[in-house]
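What TrEMBL says about this protein:
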BINDING   A:Arg105, A:Lys145, A:150-156, A:180-183, A:Glu188, A:His211, A:264-265  ATP binding site
DOMAIN    A:109-294  domain 'ATP-grasp'
2 protein chains.
Amino acid sequence: MSELPQGSVIGILGGGQLGRMLSVAASRLGYRCHVYEPGAAPAGDVAHSVTTAPYEDEAALRRFAEAVDVITYEFENVPTSALDLLESLRPIRPNRRALAVSQDRIKEKSFLNELGLQTAPWAAVNSEDDLRAAADRLGLPAILKTTRLGYDGKGQVKLDDETDIPAAWASMNDAPSVLEGFVAFEREVSVIAARGLDGSVACFDPGENIHRDGILRTTTVPARLSPAQRADAVLVAARILNALDYVGVMGVELFVTAHGLLVNEIAPRVHNSGHWTQQGCAVDQFEQHIRAVAGLPLGDGNRHADVVMENLIGDDVNRVPDLLKSRDTAVHLYGKGAPRPGRKMGHVNRITR
Amino acid sequence: MSELPQGSVIGILGGGQLGRMLSVAASRLGYRCHVYEPGAAPAGDVAHSVTTAPYEDEAALRRFAEAVDVITYEFENVPTSALDLLESLRPIRPNRRALAVSQDRIKEKSFLNELGLQTAPWAAVNSEDDLRAAADRLGLPAILKTTRLGYDGKGQVKLDDETDIPAAWASMNDAPSVLEGFVAFEREVSVIAARGLDGSVACFDPGENIHRDGILRTTTVPARLSPAQRADAVLVAARILNALDYVGVMGVELFVTAHGLLVNEIAPRVHNSGHWTQQGCAVDQFEQHIRAVAGLPLGDGNRHADVVMENLIGDDVNRVPDLLKSRDTAVHLYGKGAPRPGRKMGHVNRITR
């Protein structure tokens, strides 16, 4: 296992808030970051270098790869052609398989089921007829999602009864889709898990998530889980990471049900539901990811405080003046300019014990 | 009181590790930083912009000032001519008076004594005769220091007895100096205090400092102080900040003696003995300083963990691989390249409770 030397440059695909916080974490370990981002890059404010170019610009991709020692990403929808080129020049961590699996909901669910892990019941949907048959089999209500590129509630629609089928399918624009049956779950938790270059695995305590309109609102640690559920959650995450020969941090979203844990979704990157670690742990998820990517030993994930993380979405930023006055509250803003509805502008970690 | 809007640029004079950590803190509040540094600038890795130019370059200073909204510093020995020019273009926080007082040990001690605060006994020394007279009055051992530009044990020499006088004076190269009498102190503590643009004051818990060879080695919180001493320490710091109409974070080093608290030194900036706040408080000293400079409300300084901060000096960085494996330990490296004896390469915050 080779450790990245001090002063090395870590390339980050994507320049949003996750890249921004990764760059800060890398600086704490003596590394520099070079961000590649086609659009506006809040990460650029705290990065050593920024390349602003589309993922189709081969010359820019090549210069970027040659300027860095290892490549990671904050965002899993990087085009395959860009990844092919980059991978020929520098290691990409986490690896391509993790990306391929998480970029496609059907691949993801198949992978998880093959590992013996439970998911919500699902069916591939490529036509209105498929959708009808799937609705029949899984029952309604259910959620129809495009297999690719969806996040934060985009590219998905809820079907309450059969009359919703034509409009739901039409809204998919013929994109390959998947129907997910509803799961009666008690709560959603997520495990932020990490695997090092040496194969060691470390997990943070599971956090309990509340979503609204498909967007994460709060994560609370500790989650309300029995010791057995807590152990299960960690084992599920470790099984996924090991199966993928994964290097880095992964967010694993789980449904807690009367019949055990179901895997809702995996994200091969630092995850919004792990932001609480910034105030709860000596080594947060961003540093943990950088440690893994750089071949350093992982932090043990030990939590020394209880934390409630709340996202600041859209106009929530207007609460910042009050939040700045709140006791034991860490405000994290992303430097994004004007708020828009649904736009993540920052988050707050409140230390509760 | 006007708050600096999101996206504003904060200029930082000095690009060392303090500037680096200030820039990271500013990013959390949605600000960008522009670093001005004549030499190598570790802060540049996480700053939006860097100007590399000497403090005598008027054109560069002018461009820098025009590119920023407010100016602060991580380093108090900025030449007066540069400050004069910068101040004519943008607000400098903390103000010039704080700088003038802390740049000159005699001004500093006079200021403190006029405020009714105790210092070690001292005498101005401008010749070998002065030194002889001062040694006679204050007694030996004592420490001879240049009045300006000394830090981390530079520009100071200890006198054990009268035979040391000629060599000690010769080592000062005729620089205006001050002899400080020895104080029998129980321990040294420091208060990291902040004052906002609205005049409000907030202090972090005093930390207990251990120096070796004139360089800070460890700071431990909580310090071993009685409740009365703790209250006194905060009152001393507040008196200094209010008297200077100060805006920002100040490090106030205090000697704890049988006869009360003596002020050893003040530093008009974030301070090495406040690094523990990164793991001990929701709002650390770096963010606290940025909040003050930006006109935002101060954090309340509440401490939620016990912490031991240890500096990594010179070859101490060789311990990093082991430190990365230690439980509840946050490693902060400064990206400085090769270690040199006495060079601060990073620090470690160990959460002890």
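Every residue, even glycine, has its Cβ placed from backbone N, Cα and C.
Where TrEMBL records a feature, it is marked here on the structure.
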residue	record	CB count, 10 Å
A:Arg105	ATP binding site	25
A:Glu180	ATP binding site	21
A:Val183	ATP binding site	15
A:Asn264	ATP binding site	19
Simplified DSSP label at A:Arg105 (ATP binding site) comes out helix
